[in-house]
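Comments concern the structure below.
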């Protein structure tokens, strides 16, 4: 005799209820990174739009930066740690294959045994996590979910690599996703293009590195982040307009309905191209946090969101398009209602 399995149901609508961020204390200028790559402040600004970035010190870890950002998100949402059922950490720079970073973060936040796991979707990780969190709440699997984008890319970049040394930086951003009276997270448009899997990558795997140590000893070169910048630029310029338009269409909106666009802060030129091809209205604010923060991969969208809210470029309740792309190559986009926020705070 066939048995019937119970079906869970959750909230009809979901939204981002609160936002928190953590920015490392150390500000690094272009002049500081230019020397080893035989470059200059002007060259870096022209090529990327970056003026400064933040590098974390030894006390500012994936765990500690995440916890600080989450405390801000919980405070701004008015949610206690024990009301969180799930913690999702999007990162590419938790340098242990196991265990994941999320369980320890969840415990430090007092979540009382919440489900906790990491995801790796490169710079698109935060938007992937946001999609999962919204679906978990609507399905009834969780009532409140913390989504964290966190990176310590300064640990992974070769300071002598002209293609990456000036781009990448550190930081964390977190949001609380939960039930809402109206839908505040639109349908997600996401996907991948594995033909471009080498465009952003770790340049050697750990087995190759260990073999190199056996052969060369202390002359072995550790794995670093590598990027084929031209390939990434061309792919983004060619592919992302459709992703953005599909996300807007699936939300039942048009570009005229957008108050803000918050793209992954990959490169100032890519951001400008996306805004231009979408023909955004004049009153639509465009995130440009890369100028002061650099490319923080999975952390870049929540960090840019906080900057826009803190500086008054946007307000809680505004409608914003999020679009991210990164290693894989992977991508994800959705339209959201901007939340209440808490600015960067010291490590606890």
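Note: Cβ is positioned from N, Cα and C throughout, glycine not excepted.
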Of the ranges 260-264, 265-269, 270-274, 275-279, which one does TrEMBL flag as region 'ACP-binding'?
265-269
Could you tell me the C-alpha distance between residue 264 (active site) and residue 123 (active site) in angstrom, no decimals?
7
Under 8 Å between C-beta atoms and at least six residues away from its ends: which parts of the chain pack against the region 'ACP-binding' (265-269)?
47-50, 123, 167, 232-233, 236, 287-291, 293-296, 300-301, 303-304, 325-326
Over all shown protein chains, what is the count of other CB atoms within 10 A of the CB belonging to residue 264 (active site)?
34
